[in-house]
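Enquirer: Attaching a single structure in structure tokens format; questions to follow.
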Amino acid sequence: MTGSMVGFLAVLIFVLAYSLVMAEEKLHMRKSKPVLVAAGLIWTMIGWVYVQAGMPDQAEHAFRETLLEFTELMLFLLVAMTYINAMDERRVFDALRSWMVRKGFSYRQLFWLTGVLAFVISPIADNLTTAMLMCAVVTKVAEGDKRFINLCCINIVVAANAGGAFSPFGDITTLMVWQAGIVQFYEFFTLLIPSIVNFIIPALVMSLFINNRKPEGVYEDVWLKRGARRIIALFLLTVATAVASHTLLHLPPVLGMMTGLGYLQFFGYYLRRSLPRSLERKRARYTARGDERKLAQLGSVVPFDVFNRVARAEWDTLLFFYGVVMCVGGLGFMGYLGLLSEALYLGWNPTWANIVLGLVSAVVDNIPVMFAVLTMQPDMSHGQWLLITLTAGVGGSVLSIGSAAGVALMGQARGNYTFMGHLRWAPVILVGYAASIAVHLWLNAASFAIG
């Protein structure tokens with residue numbers, strides 16, 4: 001179908017839809033809308049062509065296969081988002097922010113601390129959530145200092161994307177590679193050193209341009225809600241269950257994640273059932289001690305509800321993911337990904353193809369880039385698969401619109417962190433990008449041998 005009018009029309013629809021996605025900030029239109037419509041139109045055209053040809057079963061089978069790939073990833077992400085929202089509701093992230101503010105770090109210390117924490121937390125929590133948390137800290141402490149907030153946000157985006165590149169839980173693209181069974185869980189950690197290099201080089205340069213004075217202290221008293229620490233433990237147990245189900249049983253990781261959602265539901269049931277007794281005991285204890293502050297906190301206790309946390313998941317992101325996967329799957333079924341694979345991976349050296357695709361992900365979101373590569377299934381060495389995992393993960397840091405973290409922070413720190421503000425530092429970020437690739441090619445050279 002690549003040479004047909006239907007094929008050309010499908011490509012045009014996808015390009016138009018993605019143009020609207022890239023203009024999300026200017027149009028103030030959620031990015032899921034155009035790709036959902038595009039996916040419907042592309043598969044409608046495919047269905048119509050195959051019905052006319054008397055082969056509707058082939059189109060139906062292809063659609064169901066693509067939908068299955070999306071469903072596994074969507075359920076995985078839904079559980080992860082639910083846990084993050086649960087920890088947010090129990091004030092885990094507020095407590096972390098309060099601790100950092102209370103310590104009275106200098107601007108340069110705050111720059112490094114938020115960057116390092118973004119790098120460390122993103123492999124577990126995901127780069128989008130981590131970036132938003134660290135941005136909240138920076139804007140709270142340095143309110144009004146646009147230059148510092150812009151530099152910090154750039155550093156946070158680079159750090160969160162780099163940290164997410166060496167973990168299946170850090171980014172949707174790494175999750176896609178792990179779910180596909182191409183890279184095993186422990187093998188992602190071979191990208192740790194290249195990811196550190198990708199973060200450190202731009203951070204070192206940017207830190208030289210930061211004033212080392214201390215911001216004015218802003219104290220905020222934050223208390224963890226009941227069950228917060230146990231929810232953190234359950235999240236870690238859920239991650240372990242997902243890893244074990246994939247590594248030991250060779251079953252999709254989504255099985256372990258959905259089981260982990262069951263853990264959270266049972267714990268939520270326990271929290272609700274035991275809340276009256278817990279409040280009664282604590283009220284008696286605080287009354288005896290005359291602790292008015294603790295008594296006031298008890299008055300604001302809200303019962304925990306798992307389904308409220310599910311409802312607060314990033315549904316726009318999940319629906320956008322559906323649209324992208326179905327669009328790319330449809331174009332792949334038409335034969336366009338085969339042509340692209342031949343042009344890139346047969347016409348070019350795979351190393352250069354993977355490096356260029358990483359830079360493409362700075363303009364076009366890394367999700368369709370990685371899904372396209374996975375659908376192409378080019379004949380590459382293990383080292384090359386790790387390379388595309390790295391470049392697709394960190395390439396989006398070059399531009400502010402190149403990753404979900406960057407787009408989210410432009411909205412969160414509106415007026416302080418901008419596209420042009422990020423673009424000024426793109427050359428430094430590109431140096432880090434090139435250095436991380438060089439380190440991977442040198443450090444993991446043995447994995448580039450095919451067979």
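For all residues, glycine too, the Cβ spot is worked out from N, Cα and C.
This is the feature table in TrEMBL:
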- 6-23: transmembrane segment (TRANSMEM)
- 33-393: domain 'Citrate transporter-like' (DOMAIN)
- 35-55: transmembrane segment (TRANSMEM)
- 188-210: transmembrane segment (TRANSMEM)
- 231-248: transmembrane segment (TRANSMEM)
- 254-271: transmembrane segment (TRANSMEM)
- 319-339: transmembrane segment (TRANSMEM)
- 351-374: transmembrane segment (TRANSMEM)
- 386-411: transmembrane segment (TRANSMEM)
- 423-443: transmembrane segment (TRANSMEM)
Enquirer: Does the transmembrane segment (319-339) make contact with the transmembrane segment (351-374) through 3 or more Cβ pairs under 8 Å, each pair 6 or more apart in sequence?
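Expert: Answer yes: the transmembrane segment (319-339) meets the transmembrane segment (351-374) with 3 or more Cβ pairs below 8 Å.
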Enquirer: Mind checking which residues of the chain, 6+ beyond the ends of the transmembrane segment (351-374), have their Cβ under 8 Å from one of its Cβ atoms?
Expert: 18, 21-22, 171-173, 176-177, 180, 182, 321, 324-325, 327-329, 332, 337, 340, 344-345, 384, 387-388, 390-399, 401-404, 433, 437, 441
Enquirer: With contact taken as 3 or more Cβ pairs under 8 angstroms (pairs 6 or more apart in sequence), are the transmembrane segment (254-271) and the transmembrane segment (386-411) in contact?
Expert: no
Enquirer: Give me the stretch from 6-23, 35-55, 188-210, 231-248, 386-411 with the greatest number of Cβ pairs under 8 Å to the transmembrane segment (423-443).
Expert: 188-210
Enquirer: When each of 6-23, 35-55, 188-210 is checked against the transmembrane segment (386-411) for Cβ pairs under 8 Å, which one has the most?
Expert: 188-210
Enquirer: By Cβ distance under 8 Å, which residues at least 6 away from the ends of the transmembrane segment (6-23) in the same chain are close to it?
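Expert: Cβ under 8 Å, 6 or more out: 29, 31, 33-35, 37-38, 41-42, 45-46, 49, 320, 323, 327, 330-331, 334-336, 363-365, 368, 401.
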Enquirer: Check the domain 'Citrate transporter-like' (33-393) for me and report the mean pLDDT.
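Expert: Over the domain 'Citrate transporter-like' (33-393), the predicted model scores a mean pLDDT of 84.
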